[in-house]
Every structure is written in C-alpha cells, then in structure tokens.
Amino acid sequence: MEAKVEEKEPEPVENAGPDAPVRLTPMMEQYIEIKAANVDSLLFYRMGDFYELFFDDAVAASAALGITLTKRGKHLGEDIPMCGVPVHAADDYLQKLIAKGYRVAVCEQVEDPAEAKKRGSKSVVKRDVIRLVTPGTLTEEKLLDPAQANFLMAMGRTRGDGALALAWIDISTGTFRVAETTPDRLFADIMRVDPRELVVADSAFHDEELRPVFDLIGKAVTPQPATLFDSAAAQTRIQHYFNVATLDGFGQFSRPELSAISGAIAYIEKTQISERPPLMRPEREHEGGTLFIDPATRASLELARTMSGNRDGSLLKAIDRTVTGGGARLLAERLTAPLTSPKEIALRLDSVSWCLSEQTLCEALRLELKGVPDMPRALSRLAVGRGGPRDLGALACGFEAAGGIASLLDGALLPDELAAAREAIEKMPAGFAAHLDRALADELPLLKRDGGFVREGYNSELDEMRALRDQSRRVIAGLQADYIEETGIKSLKIKHNNVLGYFIEVTANNSGAMTDTDEAKSRFIHRQTMANAMRFTTTELAELESKIANAADRALSIELAIFEELTAEAVAHADSIRAAASALSVFDVSTALAVLAEEQGYCRPHVDDSLSFNIVAGRHPVVEQALRRQAANPFVANDCDLSPQRDGGDGAIWLLTGPNMGGKSTFLRQNALIAILAQMGSFVPAGSAHIGVVDRLFSRVGASDDLARGRSTFMVEMVETAAILNQAGEHSLVILDEIGRGTATFDGLSIAWAAVEYLHEKNRCRALFATHFHEMTALSEKLERLSNVTMRVKEWDNDVIFLHEVAKGAADRSYGVQVARLAGLPEAVVNRARDVLHQLEAGETSGKADRLIDDLPLFSVMLQQEKPKPQIQAKDSELANAVAAISPDELTPREALDLIYKLKELAGKA
C-alpha cells in the first residue's frame, strides 16, 4: 500500500452555538458512513501514513494492541476516542487483532488529495474499503504459519431434506475441496480440516439441531445471508468466478455441495472485493476415503497439537522432518486424514521405500528442496495485488530448485507417486522461469514501491533513467566540461537553485562570449543578470533538467510496469506453478518420512483389507523420542495382536490391567498412533506391523470437566463412550481407558462390564480396554474373543518397579499406595492408606463405614507426629564396630566366651 499525502481536514459543516451539539467534520461523516456498512469489523481508516480508528473501534483496538488511546474532536458533546497504527507496520497489528478474533475492514484513500481539492475546499478525499481481513482469508506472509494451512470453510444445506456439505478453501495456496457430511459427523468433519473460519447461512446458524456444533467452534463461525448459499444460483456463481461457460469439466456435485461451494466463493468475493484469488477447481472428497477420527479422539491422541494446544509434544512435531512449507502442510494434511484404501496407502509407502533405498540421491534432493520457497503462497499474494518483488523472487528460486531436482531425477526408476510428481515438475513453465531470471535483480526489496528489483540491462529506458537519477552530478559535470571547451571560459559553472533550476553561470567579464554573436545568443539563452555574473540556459540543459527531475519517477514507473507484466505472466501460469509446487511437496514428504524411518528405526507396515492388527515390538513415537532426548532408559517395546483368532472371525479385544504408572495409557495410545501412521503412508515404530485397514478410530483416554456446558468429568466420559458404542463397526479400532472410574465403584464396574460385553457382541471390533476393575478379568471365561493382558511389575523391599512390559494374564493389584508414596504424599497419609487398604482387602468392614472408622480412627493421622527416622547412636556404633572387628576363625574357645560377655555388656549399655 503506497503512502498518500493526508488531505487537510475541512471545517465542520456547521458551527452552532456553544450549547448546541457540534456537527461532525465531512471527514468524520465519511468515516461514520463507511463504518455503518462494516459494523462487524474494526475499520482501519487511511489518513496519510496511518490507519486511524475511532469511537468503539479505537477503544477495542487500543486494548487489544496495547497502543495509546487519544481523542479527536467531539460528537454529541463527548470526546471521540481515537488510536492509530502506521501503514508500514500494519501487518504486525493485523496479526495481533486476527489472533484475538477480530475482523478488520481496510479503508484506503482511492484518489489523490489534489484531485479532491479540485472539487472544492471542503471536499474530502474519496475512500473505500478495499478488503475485509478475516481469519480465513489471509495471504500475507507475516499473518500465516508456513507449516499450517489456513482454511476458510463454508457449510451448505439444502431445504427440505436438510442434506449437508462442507467446502473449504485456502486462498493462500488455492486449495479447494468439497465433501458431503451428516449432522452426526458434522463436528468431526469440521475439526478434521480445522478451519480458521467457518461461514454458514444465518438460517442454519440458528437451527436448533446444528447450533450446538457452532457453539463448540465459537468465534470462528461467521453467519452470512442465506442468499450466498443458494444452490440454484451456485452454478452461475462458479462459472463466473472460474470464467468458464460450463461446469462439465468440474465433475458432478450434489445440491448441498453446490450450496457450500457457492457460500465459500461468495464470501471470498465479499472479503477480497475487487480482487479474485486464483483457486484450483473444487476437488470432491468421497465418503469413506479417509479414516474417521472424532474430535475427542483427535484431542486425546494429540495428533497435531497437545491437549494444552502446543505443537511441541504432538505426533506431528515428532514425525516432521520436512524442509519446505508446502511439505510441512502436506504432512499435516496426511496425518489428519489417513487413507482407507490399501492401494493408495501402498503407493505412498512405495515412495518412502524408494527414498530409503536411494539415500545418497535423496540427500541431494533434500539439499535442493531446502532452497524451495513457498511458491503457492507467493503466487496467491501476487494474484490479489499484495505481492512484492520477493514473491516473484520466490517463484524464480522455486523454478531453479525444481530444475535442479529434475536433473537429479533424470533417468531414475521411480515408483508411481514420485514418477507423477517428477512429470509435474518437468512441466513447469520454463519460458517464464527464464524470463524471471533475466528480469529480476539479485537483491530484491520487500516493497515494489522501493524499486531496484529489475536487473540492469533488462530494459534500456530504465537503465537510462537510473543513470540520470543516480549519476546526475556526473552527467552535469560532463556537460559543463563540454560548455567550457565550446566557449573557452574556464570559470563557467553549471549550478542549481529552486527558482531557476539548472543554469550556466559566468562572470560578467566573460559573458561576451555568450552574447556577442547571434549564434551564441540562440545557443545560450539569457536567464538572469547579477552584479558580477550572468546566468544562461540551453535547450539541451533544460531537457536534461526535465529528465533528471522526472528520472526517479519514470524509473519507478517503468519498474512497476515490469512488475505488473511479470505478475500477469505468473498468474497465467498458475496451474502449472501450483502443480510443480505440489510435486515438490510430495518429494519433501516422502524423503522426510524416509529420514524419520532411518533415524528412528521404523518398519514398513503391511496394510490390507483384512481385520488383522498384529504389531510386533511396537513403540510410542512421541514418548520414545522424548526418552532419547532425556538420555533416559530406552522405550520398552510391546506386542499387540487384535487379529481374528480364526479365519472369518472378528477382531479380538484385549482387557488390560495393571498398576498406575505402569504404562497402560501409553500402550493404548501407541497402537492407535501406529494405525494412523500406517494409513497416512508412513513407516511405523515397530519390529513389524500387519494392519487391516481401520475405517473408524475411537479413543477415550483421559477426560476432564466441561464446565462451560455444565458437564462433569464422568458425564464427558459417558458421552464419549456412548458415541463409540453407537458408531463403531467391525473395521473400527476402539481404545478405551478406565471407563467408569468417575462414579461409585459398583456403578463404574457395572458400566465398564456392560461396555465390554457390547463391544464384543454388538460392535464386534478390534479393541483395547484398560481398567482398574480386576473383577472384569473373569469376562475372559465368558467372551471367546477377549484376552487378559497385564503390565508387569516387580516388587522389591516394599517398593514397586514398573517394567512397562505387556504380558498375558491379569493383575491382582493396582499398587496405588506405592505410587502415592512415589508421588511424595506425607508418610502418615501413605501409612494410613496402607492400613485402610489392608482392612478393606481383609473384608473386615462388612461394607460399614462406621466399623472402618472404629478400626482405623480417621483423625489419628492428624494427631500423631511422624516417627523420626532412627538415628545411629554412639553406643550402637561401638557395638557395631566390635562385631565388625571379630575374626571368628582366629578365636580360641576361651576368647570367644570372653567376647560374648563383652558384647552383652555393650548391648546392655546401648
């Protein structure tokens, strides 16, 4: 955005008496008019080199940004609050506001103040909103996370049957996808994509069935007029946006999908106003093509971020070895949407296997990939008029790296996925790449208005203008030397002032050489006579002066024209540029997963359509790396076999018992993560893995209160368990941890017992079920597909040692008291707990609390002091020393008898 001179603010339209309300100035009236059309956004109102905010916007922005709140004029007798941010730093402030959930309308001066003055002294410079900045429509580099997609999502719904669909777009890369959904899957499908903003029809926003989903999403939901989602008008809107006469080449879309696509495009047009980001054609996702993971499972497994919202500690962070922004985003996309087709999974695994077999070549590929900038985002910024020279430079660097990669791969026998990627790279616009290389300078400025980004020699007129601009002194000195030689006046000078501009000055005594002849008079034009000097100009000098004065402006004008020319060429090649960039991301992900597999000792999983789930020596990918960083004991690998026990049978259930801190939750999670890694196309942390495709993954591991919705921990647990039991099928994988622990013991045991029976008889799926209710191990005698396994421990000197090994069998104790002692509970509390436990285990309470209180007085803990640790006394030490000094083999019978009496005496003194 180029700075413009701020116009002088006109006087108020009317100045009434001191007791009457003061009318607003024309400028403030303009502000209020524009603000009225953007009530849901903070208005950045351009005034010279600042964006100003007024009234409530100023109060909100000053608090959010930590900037000074001041005032400007009055309205209805009250001061008008005002704050402002400099234009050159606007992106930094926008980033903070967007992060806090605000939307911003950017209002620019759309004419020069000089033009406004021509309409009258009270005229205000024309302004208009050129863009609405919202969380889902960002393109600026500073506002985006290079490793994360920035999706805008729209929900479409048809009248009558209420069918639903979702369309999501990342305008920073052009990605555009659409898929049908259902009310019960809606929240899960939204959270899988994890959009920054969700736009819905205002009628749907207030729908009682859907509103709970929108309440969970919160501020990210933006209601819009229902007309934007009209499926009947969608075809025309799509044709207009993509500038096509028919949608035959786009494939078939259902009515709700057309509604969602229409809503997404309409919102982009609304926020981008005059700009039209180039988008890929909408790609339809088919139901069942990806592994269904509900939001609770995504959260508990910490796939992309931890429960506390951090990326560090997540599975994505643990497996990410990518070196490009596009590769990082593709890896995240694959992790959050694993495949369910064994054939497609095998294609990805083949790519990783090839990279492992060609390590030298892959190291060279990764070196080239490190030089690949974020081409899709650079292209999008250029397309919407927010790009700069460095975005063109990013394309040039990307083309150069792509060329190097194509050379490295020349003649290589590649698997199908990588072969297709190489073909896309080879189709990049080589002519445009060469054009950029010729046109762009080596060092590029951030802003196009700074100039200097076109290479010397690319444009002859530009070179001339630059020479005049940068070398005016040398040019003037050369012309002065020519005039001295021509006139013979050695004291002749070419000077400059603000009145005459450039002029020739000679002493009065030497002026005759320039005035004595008609030829001289026509050559040297008299400008001014001084007391001791005369000043002249020439046609040549006047033209040079004009050129020098205009050279800087003309040079910048030429550069800006070249910039627009290159930008238009880039947009014209958008499809091939994006295809090449996507191909580079595929190579980045494949080589990164190969590096991960080699570094961490992962194996290639065998994935098919069976119900098998046999993991040998499996490890938790995140915990294992954390232990290595801490130089702690190595991770203990464990097997897990949930495969059918006979051909044609259903998957098995493992009932896992064992102590607290024994590793049950880690074991449960690691098997879920191994399934996800395998189906995203990655090698897995195991000795071997045979996995029948999982279509739905459910994990209920850990729970917390949902106070905002009035739900206790136990209620949250029951809701999540209900969702699992109602949705899991034979191809599902279910991970359940400690069901029923949030209520009374017998209630919890009953619920857990019934849930396991239901999983076995009704869902008939592969499942891991961890519990502290040891009574449940009896189910193995009743349920043929259920096996008991336990976390092994070793007891030593009243302590417990956790071996973290899974073994056949059942635990008979939870070792909770020992864990409490390890956690640092006061010794008196631990002792009291041990006594209570012994009484309960002995069955002496007969279920009556009063008898337990009688046997073990509760308040005695508070009255008794902790026993001091035994201290070694001097006499004890003397006795011990005497015993230690004895040499039994050297004593005579008489000496032995005397020694006994001596030791007895010492013992008596002690």
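Note: Cβ is positioned from N, Cα and C throughout, glycine not excepted.
Annotated by Swiss-Prot as region 'Disordered', the relevant range among 1-21, 274-294 is 1-21. Neighbour density around each Cβ, counted as other Cβ atoms within 10 Å, peaks among the binding-site residues GLY658, PRO659, GLY662, GLY663 at GLY658. Sequence-ordered, the extra residues of this chain that approach the ATP site, with Cβ no more than 8 Å from the Cβ center of GLY658, PRO659, ASN660, MET661, GLY662, GLY663, LYS664, SER665, are MET791, PHE802. For the recorded site, LYS664 (ATP binding site), the DSSP three-state label reads helix. Annotation note: PRO659 (ATP binding site) sits in a coil segment as assigned by DSSP.
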